[in-house]
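Trainee: Once you've had a glance at the structure underneath, I'll fire off some questions.
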Amino acid sequence: MKSQLLSLAVAVSTISQGVVGQEPFGWPFKPMVTQDDLQNKIKLKDIMAGIEKLQSFSDAHPEKNRVFGGNGHKDTVEWIYNELKATGYYNVKKQEQVHLWSHAEAALSANGKDLKASAMSYSPPANKIMAELVVAKNNGCNATDYPENTQGKIVLIQRGVCSFGEKSSQAGDAKAIGAVVYNNVPGSLAGTLGGLDKRHVPTAGLSQEDGKNLASLVASGKVDVTMNVVSLFENRTTWNVIAETKGGDHNNVVMLGAHSDSVDAGPGINDNGSGSIGIMTVAKALTNFKLNNAVRFAWWTAEEFGLLGSTFYVDSLDDRELHKVKLYLNFDMIGSPNFANQIYDGDGSAYNMTGPAGSAEIEYLFEKFFDDQGLPHQPTAFTGRSDYSAFIKRNVPAGGLFTGAEVVKTPEQVKLFGGEAGVAYDKNYHGKGDTVANINKGAIFLNTRAIAYSVAEYARSLKGFPTRPKTGKRAVNPQYAKMPGGGCGHHTVFM
């Protein structure tokens, strides 16, 4: 009897570890993953429990945020790591890195009237500089956009086309002593220059209304501006969390990710606790199944400061390793209170920016998810404003979902998705009000099920998916070479 029990124990152990040559994909006693079965494992109560957990990490510390390198984010990273490690289903690692954190505050007045301004992170400081205001043409992305008399002045620039960092650099090249960027959509504007640059000048953001008013004043007379920017800088150690299924073909990796950090201003529960918990919920549900292709989940750090964690990760892979990643799915803000179901425009049909080969197929898959349920959806552009940026620059097919940030919802969109016209998709975007109460439960549940739908599809098979061409070491697709490399979310305000 003892020998029989010993034999049985050895057999069970062998099965649980996977027998090389007999069951290459592991977990033979589990059913093969299907779209319906994985979606059925997604429960709203599990999603909201995770959302509440992230809120608790913010609440536990005086900063009341989960900004990278801070205590709230450290708690987030440890929890994600431990939760996944405990499943036994994943090989989990923390990828350590050091990045420069920046926090800036601005005060701005024009002709003695105070304006509500936000300093761009990584802005050089300004000690109450006073100068005449001039207005850049177009979007301030080219040297020819700046008036000949820009030297020694503060320049007003409209948001759009290029990054805030490039606008600040162009202003510096034109010998301006400061730059004020105003929004091109209703609402205030806070953003980042994406990093330090000697060409940058002190830079602040203004609302569309205030910016247009200033431009009108300049057109009719002289405007004197006083600008003060206080900037703090600190090198901080932080981590990505990477979890890859032990089972599945590790030469055909399906990868998905979401950033785990917040801005300084608040806990970041929609931005991007929603995406973080969405993929976490799917990762836990996936442990009930076996699969054919390995699935790699990533929680990126320091996205809000220039996509730093995802860029660090992609840069750490040579072309041979990156070629194993057959596609990348990005989920950034999937629980917006005034949501719209938006899918990255992989085929370029809406925004004339086509993703690498395979991106169109990803878009079509998500379209099918919504179409099969009779639900509306719309495309959203590949702007480079989220963690997919580093992947598409290296020709990795990408796609994903987004429910909206600072952009105002139109009456036409209300007819499709409900909600309130004239109000931002997320009125608490990048603010202290981005709490649990900011989450639209219907939106986050639907989009998490969509994540499960896509993961099950590609974990089972990549049949019909375009084959990735092999390229040289660290080759960058020239179509995306000038895409901004810093920011905070698809929504990220660095451009």
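Every residue number used here counts from 1 along the chain in the order it is shown.
Quick reminder: no glycine exception, Cβ is built from N, Cα and C everywhere.
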Trainee: Which candidate from H250, H259 does Swiss-Prot annotate alongside D271, D332 at the Zn(2+) 1 binding site?
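Mentor: Only hit among H250, H259 in Swiss-Prot's Zn(2+) 1 site, alongside D271, D332: H259.
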Trainee: Can you match one of E234, E304, E321 to the Zn(2+) 2 site that Swiss-Prot gives for D271, H430?
Mentor: E304
Trainee: Taking DSSP three-state, what's E303 (active site, proton acceptor) in: helix, strand or coil?
Mentor: helix
Trainee: Around N272 (N-linked glycosylation site), how many other CB atoms lie within 10 A of its CB?
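Mentor: So the Cβ neighbour count for N272 (N-linked glycosylation site) comes to 33.
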Trainee: I'm trying to understand the geometry here, so how far is the Cα atom of E303 (active site, proton acceptor) from the Cα atom of H259 (Zn(2+) 1 binding site), in Å to the nearest whole number?
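Mentor: Roughly 6 Å, rounded to the nearest whole number.
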Trainee: Just give me the nearest neighbour of N352 (N-linked glycosylation site) among the binding-site residues H259, D271, D332, Cα to Cα.
Mentor: D332
Trainee: With DSSP helix as H/G/I and strand as E/B, how many residues of the domain 'PA' (124-218) fall in helix, strand and coil?
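Mentor: Going through the domain 'PA' (124-218) residue by residue, I get 24 helix, 27 strand, 44 coil.
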Trainee: Name the residue among the glycosylation sites N142, N235 whose Cβ has the smallest number of other Cβ atoms within 10 Å.
Mentor: N235
Trainee: At the level of the C-alpha atoms, what whole-angstrom distance separates H259 (Zn(2+) 1 binding site) and N272 (N-linked glycosylation site)?
Mentor: 6
